[in-house]
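Visitor: Okay, here's the structure, questions in a sec.
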Amino acid sequence: MPESVRGEGAVKAPSAAPPTRSIKPASWLRDTARRPGWLGDLSMLPALVVLIAVLSVLTEGVLTPSNIINVCSQSAVVAIAAIGATFVILTGGIDLSTGSVIGAGGVTAAWVITSTGSVLAGAAAGILAGTAIGLVVGTVAAKLPVVPFAVTLAALYVVSGATTLLSHGKTIAPVPAGFIEFSIDGPGGVPYSVWLAVVLYAVAQTVLTRTAWGRRVLHVGANVEVARISGVHVARTKASVYAVAGLFSAIAGIVLTSGLAGASASMGGPLLLNIVGAVVLGGTSLFGGRGSLLRTAVGVLFLGFVSNGMSLLGLASFDQQIITGAVIFIAASVDGIGRWSRRRS
Amino acid sequence: MTAITVTGLSKSFGGVVAVDGVSFTVRGGEVVALAGENGAGKSTIKNIIGGILRPDSGHVDFGDAGNVATVHQETSLFPDLTVAENILIGHLRSSRVGTVRPAALRRTASVLLRRVGAGFGPDAVVRELSAGRRQLVEIAKALATEPRAIVFDEPTASLNLDEREMIMRIVEQLRDDGVAVLYITHYLEEIFRLSRRIVVMRDGRLVADRPAGELDRSTLEALMVGRELAQGYPETTKPRQEIALSVRDLGDGARVEGVSFDVAEGEIFGLAGLMGSGRTEVARAIFGLAGKIGRIEVAGQPLRRGDVRASIAAGIAFVTEDRRNEGLFLERPIRESLSIVGLGSVCRPLGWLDHAAESRLTKDLATAVALTARSGQEVDGGSLSGGNQQKVVLAKWLSGQPRLIILDEPTRGIDVGAKAEIYRLLADLARAGTAVLLISSEMEEVLGLAHRVGVMHDGRLAGILDRRRATQEAVIRLATGGIR
């Protein structure tokens, strides 16, 4: 590129003025230009640390290996489903059908397992069913001028009704003991379900940050017009995240089936708010374009330790609810105020 | 009768000094122009005077004027409210119990609209108004408080010639009424026409405060940029024989119909016309963002209409007029806005991103457009100046050599230095064989760069002038519906 005298001059940035050089060593954390990306991802981590510290003071046994494994294994289902929810929310969408797809995936898997005896075939069938449902929901949400909230709310009812109908409203059991073991034990005393969640987070985070698809997901959420004009296939990207959400919901449903030793259509419904809550609490923006799986992981662990702490403290369930609400509010405020002051500075 | 006195203002943002010890005054009945490149600190000064920012040191005094009103550049109106509601947004409670009386609002608003010479009523919804009319609403809104001091921030940036003329007459009227006016603009002709004194800022400091009569255009530019600017427009080479873009009977089903023209490889084709004449619609229809009427061929191949991805695959690049909403990601690192179009070229099989290749690509693109972002490529797009944002929007299309590049108002609201860079880039692209379709409200720019100029009038192409015949007068005659 030929550099004319004019070009040279324009390269001069106002920052060349001496005063801007005096960045204090301590300010590197607040300087977004210098802060590594993953640090912004973990803005909720201090809240989690404080929560665990407070719980350690109030009760005994929070930080024992067995309790930590306990929290993780209880969080595994929400954690896995929250991966898919994160991708959807990153595009600025929302998937309310997650809970019902957990039910559909689990029931399909349990049905194939009980009738063929093969866990592998069951898992494959469940995953296929969940992904197919997600693909249909996503295609409708992406192609029709209907907001994802409405499409997925409708899907919630249709899928959950259809699953109940096909399973005759019954719990599908029994499943083999080896399959139940999946949620109870595994290498190093850590259940296979937890190992699975960890591996899936590593894979999903890598896909988000290191593939063109992950980049497109972020871009559709950041500004759909910029993405469209730059040649991103917006409808395909949107449809794909719901398919991915269906995939992960189904995996979560299979893990839940293993934990409950059977599957029913309604088993995933109550988890929806925990799943979306973990994503948002972790710091992924509901407007899309900002967030990551690392954030969601912290959000999942936060909710996991809150509920674990409540039972360690032996609180009655209504007290638990009130305190859970208060803790979530405080954590979200601290994180929100922190981000706000960083932006102001 | 000093109306705005600024004394020793300083302001830093996170260690970066935006304004450094600036002092000046504006008296009642005079227009003072505040000139400087993007990032010189003009907006910070405006925001401190307007009370939006608090200075780190120094103070602002309004003397007899009491307060100040601001006419903003990026429109600060509520698109879904009516004109009357927008103008009187701060004074909506018109009865004692605090309810809104629409009839009273309309009356008051009508008076203000007449003062700014608006040809539309108070009941129009702002969303449906053109940019020029919105600017008039903005001014009427500022006048609602009967201010004795007004700050105008780029009031004409998105307006056509007639509308600019109208705004300047309003400013002159205000001045003659004894109002103190601080006028911020990139248009030097406006500065020289309106202002008595010119305050020039560079890198946050005040570098000159002189009577307008003592300065000429090139001195002022040199003061703003800190160096002598080469005069005029870059040399362009002769277009090639091959036709890059052929448009026949193009329409968008709404505003535009029957538009036909060709652009050769290496040719810069200007598209002039008044605001609302259909220039932007033609550009968007070619790129696949609007209507599908008519035939388009790119390098002899018919173009699949209404499909942006097909247009990009055919080698068309599109630099939007609305860079903040359509051009780049304001809340993602600029690296991602730079690499988005060329992302396929930095991917390994299965869509794995090669981060090293990506950063090589974005560094090359940044160098190609002389991007001067101060803190590298990981800052968010929203933190860049308008000129740098525009360079990013341009650069993202340069990862492959585009066959045709469409630019809609590429220099709107950016400083002279960035403008010169963009002109140089267009000339370089044309020399390399790219066809350039340039839409601009700045006629001087179109006439200075284009080999031929198409003039739009009321949704149709009124005529095409070659460089010899493309004079300001000829273009205006066609644009306003006169015959050749």
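Cβ atoms here come from the backbone N, Cα and C positions, even for glycine.
Where the annotation comes from TrEMBL, it is an automatic prediction and has not been curated.
The region 'Disordered' feature in TrEMBL is assigned to A:1-25. Per TrEMBL, the feature transmembrane segment maps to A:44-63, A:75-94, A:109-137, A:149-169, A:189-208, A:241-265, A:271-289, A:296-316, A:322-340.
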Visitor: Three or more CB pairs closer than 8 Å, sequence separation of 6 or more: does that hold for the transmembrane segment (A:241-265) against the transmembrane segment (A:296-316)?
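Guide: They do not touch: fewer than three Cβ pairs between the two stretches lie under 8 Å.
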Visitor: Against the transmembrane segment (A:271-289), which of these stretches has the most C-beta pairs under 8 Å: A:44-63, A:75-94, A:109-137, A:296-316?
Guide: A:75-94
Visitor: Look at every Cβ pair spanning the transmembrane segment (A:44-63) and the transmembrane segment (A:296-316), keep those 6 or more apart in sequence, and say whether at least 3 of them are under 8 Å.
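Guide: When sequence-distant Cβ pairs are counted, the transmembrane segment (A:296-316) touches the transmembrane segment (A:44-63), since at least 3 lie under 8 Å.
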Visitor: Give the nonlocal contacts of the transmembrane segment (A:296-316) in its own chain as ranges (CB under 8 Å, at least six residues past its ends).
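Guide: Contacts with the transmembrane segment (A:296-316): 42, 44-45, 47-48, 51-52, 55, 58-59, 61-62, 67, 70-72, 74-75, 78-79, 82-83, 85-86, 201, 274, 277-284, 323-324, 327-328, 331.
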